[in-house]
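Asks: Here Swiss-Prot flags Ser67, Thr68, Arg69, Thr70, Gln94, Arg118, His145, Pro146, Cys147, Gln148, Cys280, Leu281, Arg308 as carbamoyl phosphate binding site. Marked as L-ornithine binding site by Swiss-Prot: Asn176, Asp240, Ser244, Met245.
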Amino acid sequence: MTTNTQEINFQQQELKGRDFLTLADYTKDEINYLIDLADYLKKQHKDGVIFEPLKGKTLGMIFEKSSTRTRVSFETGIYQLGGLGIFLSSKDIQIGRGETIADTAKVLSGYLDGIMIRTFAQEDVEELAKHASIPVINGLTDLYHPCQVLADLQTIKEVKGKLHGVKLVYIGDGNNMTHSLMLGAAKTGMHMVAVTPDGYTPNKEVLTKAKSIANQHGAIIEWTSDIATAVQEADVIYTDVWASMGQEEEQQQREKDFENYQVNESLLEKAKTDVIFMHCLPAHRGEEVTAGVIDGKQSVVFQQAENRLHAQKALMTALMAD
């Protein structure tokens, strides 16, 4: 291992002390900086370089929703950056139940250097950030999943060489992934089409916001239920589970409603020949995507999953490093 860092040759942004609650809060330049920093840290890691800008720093990780990728990538990431991650489950801390969110935020601010929270209500994350004096990172809510999309944008840029003008077609439920993808695509000048069945459309307020942002950045954000037309000329096809955590009772109805929205080999053939397939994982093989697609040569899902580590290392470095 070496401690020699490589020269940073991209435009830096000052983000120290900021919260990361939604991509709508960040400019195009700031998002591109985080992607460039993620690429830089990924290369450092692959080259065996020790880089510890968070030595002596501690991140509290609050999980009211369980996760594989979010916990492992954040905990591994802060360790690689020289810091410490403390896992707090719903048994250890109950946001808004018993002790108020405001009191929790103030107490944790006295112990920690940053908070990552994965929970249900976006309002709880915003309340935590309002009263915390340290950076708060949204690890997922029912409304947004910005950390995942930061890694997604990094992955698309790695494979396609750019973001501006890239056509991304999201197929499935109009959920937190859809919302954050729309905001990320709007900020970076992409053309995104969200394809959902009637009754599963994205949040109207978020869709309106994304379209407004898109107008400022030369992006296009659309919604349709016509899957065949949407995937034409697609550079990226993206999907997610049909029933998210907490929606298990709706599983049978959702399987019926989404049966014509599966990503399979014949669907990929309708897109560009060099289309890539993405999924935030975990995947339910045989439901929203076939095994042939997720394991096929056009799939980048495991590269995408790995980039959660590098994108979040970039985020923690930018927000928490001295």
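Glycine is treated like the rest: Cβ placed from N, Cα and C.
Give me the lay of the land around each of these features.
Replies: Taking the Cβ of Cys280 (carbamoyl phosphate binding site) as centre and 10 Å as the limit, one finds 24 other Cβ atoms among all the protein chains shown. Taken residue by residue with DSSP, Cys280 (carbamoyl phosphate binding site) is part of neither helix nor strand, so it is coil.
For Ser244 (L-ornithine binding site), other Cβ atoms within 10 Å of its Cβ number 16.
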Asks: Counting other Cβ atoms within 10 Å of each Cβ, which of the binding-site residues Arg69, His145, Arg308 scores lowest?
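Replies: Among the binding-site residues Arg69, His145, Arg308, the sparsest Cβ neighbourhood within 10 Å belongs to Arg69.
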Asks: About how far apart, in whole Å, are the alpha carbons (Cα) of Asn176 (L-ornithine binding site) and His145 (carbamoyl phosphate binding site)?
Replies: 6
Asks: Taking the Cβ of Gln94 (carbamoyl phosphate binding site) as reference, which residues of that chain separated by at least 6 in sequence fall under 8 Å from it?
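Replies: In sequence order, no residue meets the Cβ cut-off.
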